[in-house]
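J.: I have a structure I would like to understand better, so I am pasting it below and will then ask my questions one at a time.
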Amino acid sequence: MTRISRSAYAEIYGPTVVGGVGDRVRLADTLLLAEVEKDHTIFGEEVKFGGGKVIRDGMGQSQRLATDCVDTVITNALIIDAVTGIVKADIGIKDGLISGIGKAGNPDTQPGVTIIIGASTEVVAGEGLIVTAGAIDTHIHFICPQQIEEALATGTTTMIGGGTGPATGSLATTSTSGPWHMAAMLQALDAFPVNVGLFGKGSSSSHGALLEQVRAGAMGLKIHEDWASTPASIDTCLNVAEETDIQVAIHSDTLNESGFVEDTFAAFKGRTIHSFHTEGAGGGHAPDIIRAAGMPNVLPASTNPTMPFTRNTIDEHLDMVMVCHHLDPSIAEDLAFAESRIRRETIAAEDILHDLGAFSIMSSDSQAMGRVGEIVLRTWQTAHKMKLQRGPLQGDSERSDNERIKRYIAKYTINPAVAHGIAHLVGSVEVGKLADLVLWKPAFFGVKVNMVLKSGMAVSASIGDMGASISTPQPVQIRPMWGSHGKALRTSVAFVSQVSLSNPAVSELGLNKRLEAVRGCRGVTKHDMVRNNWLPAISVDPQTYQVYADGQLLRCEALAELPMAQRYFLF
């Protein structure tokens, strides 16, 4: 029998499991180590494409017709996913959906084949690469269209939010106000290779004014203090949501003008709501909106500027608040408003609450106190910081960080999908879901993508000089691919409300994107947040702003240096 060393095997086919012990992969330049939990491939029967390799007619490629074969296979990939786990497998894609996770090849010549390769099958070499589900960003201010290219370049494939461009209202709030703007923005977003969903303006105590936006195609409603986050508007908005099965997102009342945090909680009446930037620097009852992370009906999220807590976090936030919310630094009241939102103690506690699974979702707040291209990056920087400061999580060891890795990847994949009723199509690497997949070189994990697939078609990839003789010469840049053009844009989805699908005005928009209704939004609770469902009793000292969870003081230091930072962006 011919033998191969473990290191040589990993170089050729990627990491594996031998004798119950998995190979380990470092994520970028962090302290995080992922250990392979299972390998679906079979030693000696691996498939690989290339000259002299296995995927050839009569060998790893069968003679079967397209109906029996996958359209695309990703070979020997390391999947990192909150639901599927950290596993090595071949991934089959058929009709834009993930059709198999297992062993690819030719069943006429190989044992154990669950994914059939034929003449109609394209191959993406996954050896040595990590595959994740595309990120879902639920806090997008649709200010400029160039955000989308930036988002794709960092692995985001679903963008949910609101706005109409650089209008003053959109610079501050994530809502697309009214049926006319809703139609115009759905048509504009039809030109881009990402899944999209729009929030209508939820800040109204008029039932009809909210319902007409949902009928016009809003997948959810956003309550924002700049438009009014009063108990009356909260109650009315949640009433409409309960009727139409959509999600409500909230940016609550920083100034406590219409009531304190207890009044806002009372207005919820136990109904499900998605709390944006729940720490509070991005907005919300000062100083104690962070208490919402301990409520079973609240789905708590962070926006990325406060994540993780570093020596620069406090300083940059004051200017961000002033610009974003149209404040005047010469007006004392405006300055006091901004300063009330920025608290070292609650920002530090936010890191720990993420690490313990009390905060469930990460998002960007793009161009409105957040960076659209850093949702993935800052999630992993936070995980690194917490390992450095707090050590291994329960279930982890000095050898690997699988539990922490699965907890953190859930924050921008499956949990936002569950929160907004789209988990039946996106959010995890599972059979039956859209093949919205991101391939990463481990050294660049979370920083710069290798390739982004939308429904199995490449829409963005790291490619060299297009005038060169091969695809690798410098400058290697992340560029739009064929899936970004023409009618291939149909590989993406526009998420809307169920009630809007029966509205002729929506069907007459003539969108390339497939319209899909959100579902099950109102039955979701914190318990449904995968690997992030801890419900501590959270309190905030009103004088010192110190945060306690189940009576324990949450405190951590700001970092002076982070991984996934300057060394990756010198060019």
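Each residue, glycine too, has its Cβ placed from N, Cα and C.
Swiss-Prot feature annotations, pasted as is:
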ACT_SITE  His325  active site, proton donor
BINDING   His139, His141, Lys222, Asp365  Ni(2+) 1 binding site
BINDING   Lys222, His251, His277  Ni(2+) 2 binding site
BINDING   His224  substrate binding site
DOMAIN    134-571  domain 'Urease'
MOD_RES   Lys222  N6-carboxylysine
J.: At the Cα level, what's the spacing in Å between His141 (Ni(2+) 1 binding site) and His224 (substrate binding site), rounded?
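T.: That separation, Cα to Cα, works out to 13 Å.
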J.: Once near-sequence residues are set aside, which residues in the chain of His139 (Ni(2+) 1 binding site), 6 or more away, have Cβ atoms under 8 Å from its Cβ?
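T.: Spatial neighbours, sequence-distant, of His139 (Ni(2+) 1 binding site): Ile160, Gly161, Thr174, Ala249, Phe276, His277, Ala301, Thr303, Ser363, Ser364, Asp365, Ser366, Gly370.
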J.: Cα-Cα, whole number of Å: Lys222 (Ni(2+) 1 binding site) versus His251 (Ni(2+) 2 binding site)?
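T.: That comes out at 8 Å between the alpha carbons.
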J.: Measure from the CA atom of His251 (Ni(2+) 2 binding site) to the CA atom of His224 (substrate binding site) and give the result in Å, rounded to a whole number.
T.: 5
J.: Let's check the environment of His224 (substrate binding site): how many other CB atoms sit within 10 Å of its CB?
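T.: Counting Cβ neighbours of His224 (substrate binding site) within 10 Å gives 25.
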J.: Roughly how many angstrom lie between the C-alpha atoms of His251 (Ni(2+) 2 binding site) and His325 (active site, proton donor)?
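T.: That comes out at 13 Å between the alpha carbons.
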J.: Take the mean position of the Cβ atoms of Lys222, His251, His277, the recorded Ni(2+) 2 site. Which other residues of that chain put their Cβ within 8 Å of it?
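T.: For the Ni(2+) 2 site the neighbour list reads His139, Thr173, Thr174, Ile223, His224, Ala249, Ile250, Ser252, Ser275, Phe276, Gly282, Gly283, Gly284.
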J.: Cβ within 8 Å of the Ni(2+) 1 site's Cβ centroid: which residues qualify beyond His139, His141, Lys222, Asp365?
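T.: Neighbours found: Thr138, Ile140, Gly161, Gly162, Thr173, Thr174, Ala249, His251, Phe276, Thr303, Ser363, Ser364, Ser366, Ala368, Gly370.
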